[in-house]
Amino acid sequence: MELERFRVGLTPTVFYIPGFITDEEQTQLLNHIYGASGSKWKTLKNRRLQNWGGMVHEKGLVPQELPPWLTKITAEIHESSGLFPSAINHVLINEYHPDQGIMPHQDGPAYFPVVAILSLGSPVVMDFTPHLRLRSGDGYISKDQSPCAESCAPERDSFSVLLMPQSLLIFKDDAYSDFLHGISDSPTQCYNQVVNEAEALAYSNEEDSRKDGDKIFHRDQTRVSLTCRLVPKVRKNLFRF
């Protein structure tokens, strides 16, 4: 796969691959996810999730083998992207109802700085906003203390990506370290500023409309996402180093 042709937006380390899996593969994944034991689900305030691959700790991963159906899809992502130095070993599966989202956040330091998110079910808009600390020189400085120069401002602007079902979003490096990413909890999503406009226009149904010039769609299904990552440090026993 020539990943460069899937790059979107002005931040050079964000890639959006539409139709990464087929309808049949999406159905198979959903069957596996909802066929898992009820105890596998953890319910949070704004979503519920499944954790696969083991427990992530600041000192590394206490591993648990991925099931074959996850090994298969993560191997495809690993081989297609060419961005992970070794096999993906951790997957978080999140389920969102139409009125649920996730606050802007940054993934922890335990992970290799590449994230691959496979989307199933309802489309949604993911927003990226610059971190309060922007990279400058040898370290991080406060955005308030030293605003980004005009020449680099476009790379630090907020942006959004429309995540269609069966698509794969990959972001790394600056997009990983210098931006927060999140999803609005509104069932009505605006896609005026998405960087993959062509894909946004390809999505249509009778519920879509324009309000005061805004391009919007209504989330009417459950969204499921697979967040696939690599934890480089693997600990067979957390208390032995």
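Quick reminder: no glycine exception, Cβ is built from N, Cα and C everywhere.
Because the structure is a prediction, the values reported are computed rather than measured.
When Cβ atoms from all protein chains are considered, those within 10 Å of His181 (Fe cation binding site) total 22, not counting its own. The DSSP secondary structure for His181 (Fe cation binding site) is strand. Residues annotated as Fe cation binding site in Swiss-Prot, with sequence analysis given as evidence: His105, Asp107, His181.
The DSSP secondary structure for Arg229 (2-oxoglutarate binding site) is strand. What Swiss-Prot records for Arg223, Arg229 is 2-oxoglutarate binding site.
The domain 'Fe2OG dioxygenase' feature in Swiss-Prot is assigned to 87-232.
Within 8 Å of the Cβ centroid of the Fe cation site, not counting the listed residues His105, Asp107, His181, the chain contributes Pro104, Gln106, Val115, Leu180, Gly182. Here the candidates are the binding-site residues His105, Asp107, His181. The one whose C-alpha lies nearest to that of Arg229 (2-oxoglutarate binding site) is Asp107.
Note on the binding-site residues His105, Arg223, Arg229: the fewest other CB atoms within 10 A surround the CB of His105.
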